[in-house]
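Below, the features straight out of TrEMBL:
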type	residues	note
TRANSMEM	17-38	transmembrane segment
TRANSMEM	50-73	transmembrane segment
TRANSMEM	93-117	transmembrane segment
TRANSMEM	137-158	transmembrane segment
TRANSMEM	165-190	transmembrane segment
TRANSMEM	196-219	transmembrane segment
TRANSMEM	289-308	transmembrane segment
TRANSMEM	320-341	transmembrane segment
TRANSMEM	361-383	transmembrane segment
TRANSMEM	390-412	transmembrane segment
TRANSMEM	418-440	transmembrane segment
Amino acid sequence: MSKFNSDKMGTMPVGKLLFSMSVPAIFSMLVQSLYNVVDSIFVAQVSEDALVAVSIAFPLQMLIIALALGVGVGTNALIARRLGEKRREEANIAANTGIVLSLINMALCMLVGLFLAKPFVGLFTQDAAVFTMGSQYLMIVMVFSVGVMIEMTCSRVLQATGNMIVPMISQLIGAITNIILDPIFIFGYFGVPKMGVAGAAVATVIGQILAMIFVLIVLKVGTHEVDIAPWRHHPQMQAAKDIYRVGIPTFVMNAIGSLTTTAMNAILMSFSATAVAVLGIYFKLQSFVFMPIFGLNQGAMPILGYNYGAADEKRFTRTLALSFGVALAIMVIGTVLFWTMPEMLLKLFNGSDQMLQLGSYALRVLALCFLPAACSIIMTTMFQALGKGMMSLVMSLLRQLVFIIPLAWMLGQLGGLGAVWFCYPAAELLVAVIFVPIALKTIKKSFDQERQETGVY
């Protein structure tokens with residue numbers, strides 16, 4: 001990779017830089033969201049039971065993503081800081097260490113899929129059809145998680161150097177492959193056996209593996225600022241510790257989401273299985289709103305990390321302020337859509353009359369969390385870029401566990417199912433109010449310390 005791709009983090013105008021870094025990631029995230037929605041639409045055509053089965057499996061599927069993100073984000077943040085500090089060999093070591101850690105995570109997921117998929121699904125349903133479909137789906141996506149593990153880490157390595165195009169293309173390959181294969185494997189076209197919900201899982205892992213193969217080929221045949229060659233840049237324990245310093249909080253943040261969804265499914269199942277399906281649909285639709293902000297984060301993270309490493313507080317704060325503005329604008333659009341057309345959105349999933357009535361109300365209430373969530377998501381990325389992964393973890397614990405589950409249970413006891421949905425906006429608002437002043441103080445303190453260590457003022 002050219003020297004420009006490294007230096008542009010500290011020289012290109014912030015608006016132009018954030019745009020160039022974020023748009024490819026936002027686009028690929030939107031395509032990923034489209035795949036998530038299309039996948040569920042096809043599953044819903046099988047039956048509402050099929051949609052419930054996939055919704056039950058969803059938390060453990062989120063856990064796979066949490067593991068991949070933990071290593072990917074930790075590796076990204078460490079590489080960006082080392083490049084900002086002009087310590088290239090340590091950036092190479094970080095990249096190769098991250099890939100080895102991803103392989104370890106893949107082995108863990110395989111074991112969980114083989115031995116715990118059925119017991120997990122059995123916790124939430126006694127229905128034989130739902131149990132069978134959910135177990136099959138979960139086992140397939142966990143046993144064959146190698147694609148998502150390696151692709152996500154390699155993409156984050158490239159993003160840390162300023163290369164946003166290759167990760168975008170890899171996401172496109174995975175998503176488009178999945179969208180094409182979904183109906184073929186689910187309904188049995190072109191001589192392929194009809195596989196139902198299991199077919200959706202097979203399509204998912206094939207897409208992930210093809211995306212992994214693409215990004216690995218690019219890393220091996222091209223010239224990049226970070227060299228992927230473990231035999232030359234031996235993975236080191238210190239690099240693993242530095243990756244996990246940011247990566248473990250990132251993993252826990254996303255794993256908390258998995259735990260929260262599991263608990264929410266249990267609370268909602270006490271009212272009706274349809275409510276569980278509605279929550280599953282919400283997460284798919286919500287991804288269209290949240291994924292662009294996660295794409296924005298992917299572009300902002302290396303810029304923030306680089307300029308923190310370079311002790312350039314002015315560019316850091318400009319990037320952060322612009323990220324906040326864009327995130328809030330995206331959330332306003334999402335809120336308007338959820339409030340004005342919830343019935344239309346639910347009809348995409350072959351919703352019954354009961355689902356349309358219950359879900360329309362739920363989507364409107366849940367959309368109230370979007371604006372405060374924008375603040376929390378950007379602050380989480382800021383803390384990670386500063387190497388303060390533990391602060392991000394505390395935020396997520398409050399947002400997704402400490403506040404939300406007790407609120408859901410209490411509101412359900414006091415006001416029934418209709419009140420349960422308010423736990424999400426209430427938790428997001430509380431966290432945003434608490435952490436905005438903390439974030440401002442952390443920025444000042446971190447840069448004062450960085451300037452003292454580097455001698456840059």
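Glycine residues also receive a Cβ, built from the backbone N, Cα and C atoms like all the rest.
A description of the local structural setting of each listed feature is requested, covering burial, neighbours and distances.
Sequence-remote contacts of a segment are chain residues at least 6 beyond its ends whose Cβ falls under 8 Å from one of its Cβ atoms, and for the transmembrane segment (50-73) they are 40, 43-44, 98, 101-102, 105, 108-109, 112, 117, 120-121, 124-125, 129-131, 133-134, 137-138, 141-142, 145, 148-149, 152-153, 155-156, 196-197, 200, 243-244, 246-248, 250-255, 257-259, 261-262, 265, 273, 276-277, 279-281, 283, 301, 349, 384.
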Report, as numbers and ranges, which residues of the same chain sit near the transmembrane segment (361-383): CB under 8 Å and 6 or more residues beyond its ends.
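Here the qualifying positions are 253, 275, 278-279, 282, 285-286, 289-290, 293-294, 296-297, 300-301, 304, 320, 323-324, 327-328, 330-332, 334-335, 338-339, 342, 345-346, 389, 391-392, 395-396, 399, 418, 421-422, 424-425, 427-429, 431-432, 435-436, 439, 442-443.
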Could you check whether the transmembrane segment (165-190) packs against the transmembrane segment (17-38) - three or more CB pairs closer than 8 Å, residues at least 6 apart in sequence?
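These two segments touch.
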Apart from its near flanks, which chain residues at least 6 from the ends of the transmembrane segment (320-341) lie with a Cβ under 8 angstroms of it?
14-15, 18, 22, 285-286, 288-289, 292-293, 296-297, 300, 304, 363-364, 366-368, 370-371, 373-375, 377-378, 381-382, 443
For the transmembrane segment (196-219), find every same-chain residue at least 6 residues outside the stretch whose CB is under 8 Å from a CB in it, and list them.
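Beyond its ends, the transmembrane segment (196-219) has Cβ neighbours at 35, 39, 42-43, 46, 50, 53-54, 133-134, 136-138, 140-141, 144-148, 150-151, 154-155, 157-158, 166-167, 169-171, 173-178, 181-182, 184-188, 228.
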